[in-house]
Amino acid sequence: MDTKIGSIDSCMPPNGDMCSAATGGSISTIQNSVSPTMINAAESNLGRHLARRLVQIGVSDVFSVPGDFNLTLLDHLIAEPGLKVIGCCNELNAGYAADGYARSRGVGACVVTFTVGGLSVLNAIAGAYSENLPVICIVGGPNSNDYGTNRILHHTIGLPDFSQELRSFQTVTCFQALVNNLEDAHDLIDTAISTALKESKPVYLSISCNLSAIPHPTFSREPVPFSLSPRLSNKLGLEAAVEAAAEFLNKAVKPVLVGGPKLRVAKACEAFVELADASGYALAVMPAAKGLVPEFHPHFIGTYWGAVSTAFCAEIVESADAYLFAGPIFNDYSSVGYSLLLKKEKAIIVNPDRVVIGNGPTFGCVLMKDFLQGLAKKLKTNTTAHENYRRIFVPDGHPLKSEPKEPLRVNILFQHIQKMLSGETAVIAETGDSWFNCQKLKLPKGCGYEFQMQYGSIGWSVGATLGYAQAVPQKRVIACIGDGSFQVTAQDVSTMLRCGQKTIIFLINNGGYTIEVEIHDGPYNVIKNWNYTALIDAIHNGEGDCWTTKVKCEEDLVEAIKTATGAKKDCLCFIEVVVHKDDTSKELLEWGSRVCAANSRPPNPQ
């Protein structure tokens, strides 16, 4: 079936990747190029309807782990020509893969079995919820005849009430549906999928194992394409918010703009850049918004992350007399242990549907995109902050030159990774020191970038790399993963090989959980060292295209990158980089001490 996502007002970041096309905000029609027609009786069943719906919204790959409750459903998903079922090594990675897929494709899906699978995927779904990603989490549920009985089922905790899984998902999904009869199955499936797209959050869909293959009249026609009503701003509220914000900013001497991660869910990336173009203000991003704003913009000054900001960026932001934050998330990580030097009375905070101006008025029912576009027409050009930045800016220095065969340093590694980036690449940064080192990479036009900062689940990147690379096979993904994180989810490198992916994985082996060491050290942060290249060779087992190497000095690294981008450019390349356990970025050292201080605050007096 030739399908497409049509006329969705998506947030397209400057790198050219779809930045959650079906996320929140104003979604219009999702179109299907095939007119609704009658389908044969053998295919007019629940399983095929679900498969068609997934293809229709742009999902061409679902990530799964089989179990007895979902096997028949998987049969019908596999039978759909436009859908590929990708078996993962465990449910957690299947969920992470759906997360990574949704970041690029706009929506993702995973299929697991009842409770043992559902509770295993739960952590990944919670991460997708925190990052505002629409993931359809499908569970093969109990036989419909078992509901309302006093039976005890396998894969449960041994109680006749087997609603544990549903109750667990209620806190990490925006909609939950138990499909245990055919009469309302069509409605529940469509409601779940459309809710995920409208809310840009995961949904939970449990389908009884005995229903997938049964024909039913409600599935007798090709599904009519979704038509989701767009969200609209309150016109008077929008006008008032724009006027108040323009008055606030036009009085300022050196105002700045800072983009936050909720630009994605608000689909306001382009509108934010339009505002920067019109205003002339200096332009920065919060760390979790890296990749959403063009770093080649003439007024871009870097990442604002308090004490660990890009050089000279924090000085400009924190000395401004007015700053507009579009879609920020201020948590203990992004605020570097609550140490940002910002003042509420100087700030305009633009949330996806609300604007707060200093200590003054708040305007609800105002969509971010509409507000930014309206404000762009009202602001006077003011380049003062950017001119100040140019006055104090000093170009980055270069790492000390390595001696011949000197043990490799992390700053040398990332100097070479920088040279690999282009519009045909994307970077996945794992939780840990890779956050800080990848944050300093300068993204060329078209280069994708993803990491999971709000949830920060170690091991996320392996599954996310699998899903992201599957969604955009034309890009070569470069994944930077620490050894501690890799040990959590390493198995699904095998799935990357089965899918013929050509990712480059830099496994940074520094002997433990370095990010935890810098927050609070202890023997628990030391892990058993693996022979990582031998492990990947064993997983490869002669099936698929794979190349591994271990590097310990700059000369080895240069040769490895040359091979990975040359003779092995069509292979999955795994490069283990051995570095000293104390070789960390200066940003992690600063950030870790501040987060430690925040975590260690004594209780308030009672």
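Every residue, even glycine, has its Cβ placed from backbone N, Cα and C.
Per TrEMBL, the feature Mg(2+) binding site maps to Asp483, Asn510, Gly512. The domain 'Thiamine pyrophosphate enzyme N-terminal TPP-binding' annotation in TrEMBL covers 45-150. The domain 'Thiamine pyrophosphate enzyme central' feature in TrEMBL is assigned to 242-360. What TrEMBL lists as domain 'Thiamine pyrophosphate enzyme TPP-binding' is 452-577.
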Across all the protein chains here, work out how many other Cβ atoms are within 10 Å of the Cβ of Asp483 (Mg(2+) binding site). 25
Starting from the Cβ of Asn510 (Mg(2+) binding site), draw a 10 Å sphere and report how many other Cβ atoms land inside it. 21
For the domain 'Thiamine pyrophosphate enzyme N-terminal TPP-binding' (45-150), the number of residues DSSP places in helix, strand and coil: 50 helix, 22 strand, 34 coil
Please count the residues of the domain 'Thiamine pyrophosphate enzyme central' (242-360) that DSSP assigns to helix (H, G, I), strand (E, B) and coil. 41 helix, 25 strand, 53 coil
